[in-house]
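Novice: Sharing a structure here in structure tokens format.
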Amino acid sequence: MLAGAVHASFSSNGVVQWDIQRTQRSDEFKKLKKRASTFEEVVTNERARGGYFATCRLGTPGQNMTLQLDTGSSDIWVPDSGAQVCRETGTEGCALGTFNPSRSTTFTVVGKGEFDIEYVDGSSSKGDYFTDVFEIGGATLQNMTMGLGIKTDIAYGLVGVGYANNEAIVGNTQSLSSVYPNLPVSMVDDGLINTVAYSLWLNDLDASSGSILFGGIDTKKYKGDLTRIDVYPSQRDIFTSFKVAMTSLEGHSESGQDTLTSTAFPIPVVLDSGTTLSYLPTDLAKQAWKEVGAVYSPDAKAAVLPCSMKNSKGYFSFGLAGPSGPRINVTMDELVLDLTAGNPPLFSDGLYKNQTACEFGIQNFTTGPYLLGDTFLRSAYVVYDLVNNQIGIAATDFNSTESNLVPFPSMSAQIPSATVARDQSKVTNQPSVTSPAYAASQGFIDSGKGDTNAARGRPPAFGTGQMKFPCFPCHFFHPPSFVRMRVIRAAAALNSTCAVGARQGARYGSLAGRAAVDLRLAPCYSFRLSGLRHFSRSPISRASTAAEAALKQAKELAAANMTPEAVAARMSPEEAKRLSMVRNIGIAAHIDSGKTTVTERILFYTGRTKAIHEVRGRDGVGAKMDSMELERERGITIQSAATFADWKKVEDGKEEIYHFNLIDTPGHIDFTIEVERAMRVLDGAVMVLCAVSGVQSQTITVDRQMKRYNVPRISFVNKMDRMGANPFKAVEMINSKLKIPAAAIQIPIGTEKEFEGVVDLIHMRSIRNDGHRGINVKVSAHVPEHLKELAEQKRQELIEKLADVDDEIAEMFLDEQTPTPEQIKAAIRRATIALKFTPVMMGTALADKSVQPMLDAVCDYLPNPGNVDNMALDRSKKEEPVKLLPYDSLPFIGLAFKLEENPYGQLTYIRVYQGSLKKGQYLFNSRNDKKVRIPRIVRMHSNEMEDVAEVGAGEICAVFGVECASGDTFTDGRLPYGMSSMFVPDSVMSLSIKPKRSSDADAFSKAMNRFMREDPTFRLHVDAESEETIISGMGELHLDIYVERLRREYKVDCETGKPRVAYRETIGSRADFDFLLKRQSGGPGDYARVVGWIEPNAENAEANRFESRVVGGNIPDKYLSACGKGFEEACVKGPLLGHKVIGAHLIITDGATHVTDSSDYAFNLATQMAFRKAFPEAGGAVLEPLMKTTITAPSEFQGNILMLMNKRGSIVDTEVGADEFTMVAECSLNAMFGFSSHLRAATQGKGEFSMEFSHYAAAPPHLQKELVAAYEKELEAKRTK
């Protein structure tokens, strides 16, 4: 705990500062008052209770109360107004204030009976966890979780700001999943500060003020360098206190210097601002006592010395984190403390006879961990970084009146202005243990002038002198186990009152618990000793074992019989039924195949929408799933859109309601990331094909994505009413081009304009649509006469295809048995889920025909969440794959797969794979272990939202208020699992961009940040040479859309430069090099010689490889790593165009060094220069990206397109249909800029094309020369500026 009071001075710019003041207790507590745009509160140093207190406000309306501040615990708790301790007669009761829940309109109980804290003195507080408004220091937190002390024997509450793992609820539940946001975490969540960190400036012992600054540092409050050192966990990756490594202690005075030694070095010490003294191992503490002449008193249970030693000019130097770590010097005026609150006691005899007795600030413990308390921390400026688990430390600037606040810029940002301590890995080195010469001891004593008959010469031997008191018995704080020193005793007596401050809040302990200290009252005083309170072993010390309990629980879950069969056996019938009715599906296809049109019919027929609206917004409304204005104008889907619906499936007179989570995906290759992330989280998909074109280029891309994520699919041949429609051609193309067995389970009734329905081949019946928008489905048991033969033929083909992929049907087929419809449906389902087969249906969404049978097929053939193997990676077992089970009662696992900016903040789409997600639940991000609270859960219906309180396993939802990245895994803390993210393709095209008006810079920056968060394929960087902002994406349309969105959504008009192609550089042959770098510049120079060669990388033409074949040690290993680094840096920016180098293999065989001039830098630079010099000799060449381009247009324009493509690339394939043809070509991306306008002109606007990256190939020689010349001209222009 902090020793002092907290004064709120301001809250702004990402920091909140409270000034710590040493003031006398006022007669009454004043209310908050506003002054100069800040909130000021009167705070008091409660000497009667010990510690520093702050007046806070709780509830609505606010109730004032004064709470003690503690950096060693984490809970905020307040005494209930009805607590017995507050109503006892003969006491001052709860004079610092109580909380009356009935008077607050915002009070909510969130943990009935779950608050339970017990302290080491036997006192305790028990009651409820609740949320309410909490105000302190100008900061207001709307839903702060706190404890309410209903049964308490402590008359005041507490504000804890330490590690959240120290919360009482953790010890009670034995689980880290119960951790909630404490005060500093809530400040981050509410945007008051940027990260969970604060800095502490206690100032000197006699100062009246200090400060604790949340979210930043004050560079005017310390001297010298601020150094970052590591905090060590109590257990693996579990942090509960600020434990650092103490590696040295020295005594300095005018007479000399001593290095004090201990067998315990390196010593784990806890930086504890609530402990008055510092506690070190006994052997080390003895040496410190001998340096200053301190003697041990059995009455005070402490080492004491004359108060005159405050004047000593000596100091102790504490070394932390190894030989290169920070050193903090602590002077004697900070180490000599008063023993009493009244008149000081006197030594009664011995060398210190009649001198006033004080307590020495360094005491002993016989076992660790050890403590550096306020006697150390007053001399140090300390920054506590609870996110990166680091401490920033520097020498304090006592009584500084200046201030320069520097906030942490972001979550996980390193401590500002701090440098990391070097060689922290050497903290484990144990120094030799020797006996000090005590050369500094005489200087300590001589400079400490005694008040009466001061001793001269060498200090006395210290011993166990007796002390007399006028009122006995008095009870003193003491370490639980103290070794008496067998030396000459300095007899002394305290001729005064009882010692009050002998252990002002001595607390210690492992990260699991606190020391037992005696807090009983001395009978001659009417007030409490100022001991600070800490968690005892029951129940709060169990917090340190929470991590162990969580890991144990994870092991038990893994070891248990958690097979799907076992889970199904334990699953309740209601849960099993719910799960079987869930379908997570996506609609995917080539552009303009009718995906969004199909989705619109699904929403209408399921009753999710009341009317059908068409793509391109012809009716002024537009498709529901195309919510962006750009989508409706262009008639394309740009962003995937999610919705949900319930489908009533009727079969054999029985109605079943299925729940669909549906994602409509884009068809254009430029927006392929939207399809990638949808496929990553879906259980099944409907692949839509055009009845005329069949399998097209983007269909192949979608097929590849489905196979990448093992997504079962059914196929729907759309546009059966178009001229030239041929569904059986589409079936054949699925088999031949997509290489997946497929067969039609329907045949059309009529073709083209006469299409009227389908024949169900499984049940051999006719299905037609009737009524407004085809809402009625008419099923006839008869097959039209002219189709019977075709139906029998296609049904037989279906059975034969199933016999190839399903064993049960294969046996029946061999036995010449005819399977029943139920057997056929079961076989289709098995084969589809096993990724061996896709059933093909047909219809026309635009004409409202045959969509409902496709919905029935989704229910029949696509899997529910329990039928799919979703895998996670167990980080505790080297990322061993483990299967997730969609069971609500299991620990939560979810994946954030899509981010979207919303007027209410960031909207994060989450797929719940295991467990359930509840509003208000706390989750952990497995990527950074950040704990987040889920304040709001919604189901999405395109751009509309519906709030829900809970979603179960297997569902898809969206949440607000969660800062994360796309692909992050969330858990409830009980399982150490992560999930693999999605595939993100490299960008293929770049262009420079800048806002036309400089006043739009902020909006431009905000938009770019949003676009990059939402779309992993959209990238931005600033060119270091040209200082231009460069955006990169998947194609011309991709970047055009974002430029247009900038103009529409952010009102920012931009200027764009010529599109840039992502060229690459490579080599074609071997070239030797022998390069000597030798430079002298007055001081130490640079010398490095490297010998070897470069050659093409035969193992991987897309990667670079560095290899050392140096023998004899001509180049030391430490310089070889620098050579490898230099090679990597040289490949980032190639010699020809400044683009990346790929396919290079560099081998170093020999070299030379210089005794003084060789360095990592010299060999790094020499390798880069050798590579650049050898690159032209190795046949350096420019590679350009080739794009697989697919063009579809009416057959009449075939000649025009052939002329266009002959100029741009080579034609790979051509397929001519009834009225249109498809051409596949490989073209240089550089040649395709502006192609869309040429294609429109050549086809009268009827042609369309798509591109996707294929591979890199050598650019034509003339183009290489042009590019190199342009690059050299650009460099020359920059040099002459």
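From the backbone N, Cα and C atoms, a Cβ is placed for every residue, glycine too.
For reference, TrEMBL lists these features for the protein:
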- 52-394: domain 'Peptidase A1' (DOMAIN)
- Asp70: active site (ACT_SITE)
- Asp272: active site (ACT_SITE)
- 580-866: domain 'Tr-type G' (DOMAIN)
- 589-596, 664-668, 718-721: GTP binding site (BINDING)
Novice: By a simple count, how many Cβ atoms lie within 10 Å of the Cβ of Asp592 (GTP binding site), its own Cβ left out?
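Specialist: Summing over all protein chains shown, Asp592 (GTP binding site) has 20 other Cβ atoms within 10 Å.
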Novice: Under 8 Å Cβ-Cβ from Thr665 (GTP binding site), six or more apart in the same chain: what's there?
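Specialist: Once residues fewer than 6 apart are set aside, Thr665 (GTP binding site) is near Gly586, Ile587, Ala588, Lys595, Thr637, Ser640, Glu674, Val675, Ala678.
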Novice: Out of Lys595, His668, give me whichever of these binding-site residues has the highest number of other Cβ atoms within 10 Å.
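Specialist: That would be Lys595, with the most Cβ atoms nearby.
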Novice: Measuring Cα to Cα, how many Å separate His668 (GTP binding site) from Asp70 (active site)?
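Specialist: So the Cα of Asp70 (active site) lies 57 Å away from that of His668 (GTP binding site).
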Novice: If you count Cβ atoms within 10 Å of the Cβ of Asp70 (active site), leaving out that atom itself, what do you get?
Specialist: 24
Novice: Hey, of Ala589, Asp592, Met720, which of those binding-site residues are within 10 Å of Asp272 (active site), Cα to Cα?
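Specialist: Taking Ala589, Asp592, Met720 one by one, none has a Cα falling within 10 Å of Asp272 (active site).
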Novice: Using C-alpha positions only, work out which of the binding-site residues Ala589, Asp592, Met720 is nearest to Asp70 (active site).
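Specialist: Sorting the binding-site residues by distance from Asp70 (active site), the top entry is Ala589.
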Novice: Please list residues from the chain of Ala589 (GTP binding site) whose Cβ is under 8 angstroms from its Cβ, counting only those at least six apart in sequence.
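Specialist: For Ala589 (GTP binding site), the qualifying residues are Lys595, Gly667, Met687, Val688, Leu689, Gln698, Thr699, Val702, Asn718.
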Novice: Can you check which residues sit near Met720 (GTP binding site), meaning Cβ under 8 Å from its Cβ, same chain, 6 or more apart in sequence, and list them in order?
Specialist: Ala691, Pro727, Pro748, Thr751, Glu752, Phe755, Met842, Gly843, Thr844, Lys849, Ser850
Novice: Over the domain 'Tr-type G' (580-866), what does the predicted model average in pLDDT?
Specialist: 88
